[in-house]
Amino acid sequence: MASGQGPGPPKVGCDESPSPSEQQVAQDTEEVFRSYVFYLHQQEQETQGAAAPANPEMDNLPLEPNSILGQVGRQLALIGDDINRRYDTEFQNLLEQLQPTAGNAYELFTKIASSLFKSGISWGRVVALLGFGYRLALYVYQRGLTGFLGQVTCFLADIILHHYIARWIAQRGGWVAALNFRRDPILTVMVIFGVVLLGQFVVHRFFRS
């Protein structure tokens, strides 16, 4: 499958409903994200030790590790691990500027997704979106709000469905297509590009407009 950036969101009528394959991708997103969160958090604990942020909700997620979707989440976590550590400061600074709460998190998440995918969709940007969802859930939990991870999971599935990302993934065979990728230089560059775009778009949209 091609890993490059795809075309931007197509223009469709307001009454067009997602196809069954798109709805399936959105449904599968929840399991993929839970697996991604669990393994990424596990990796951070292994590499950072006591310095890693604690989150029992992430440690006790219900998983099906041998399922295809569970493997997809783990694969994306492995790909995104180095990038998340490299750009941890940028994520934290972004969240400090946005100050997300339970009341505004969905709106912020939606605007970030709109900015990130404005000029097209790629696996790099999808991984960047998952990474931001992970950081968002961790940030809010550290500020005393428990149970928010489940909301972020639902937010992400909804955004994937209604921003044409589900269509893009479905056209490539579903989430299973992500298993074709490994931690190689080309994909790493794509993920870095996605993270950089995320920061640039959000800062421009919220603080310079």
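Cβ from N, Cα, C; glycine included.
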Looking at 39-54, 135-150, 151-166, 167-182, which stretch does Swiss-Prot describe as motif 'BH2'? 167-182
Which number gives the other C-beta atoms within 10 angstroms of the C-beta of Asp158 (Zn(2+) binding site), all protein chains shown included? 16
Can you count the other CB atoms that lie within 10 A of the CB of His162 (Zn(2+) binding site)? 14
Restricting to the same chain and to residues at least six past its boundaries, which positions have a Cβ under 8 Å from a Cβ of the compositional bias 'Polar residues' (18-27)? 157-158, 160-162, 166-167, 169-170, 174-175
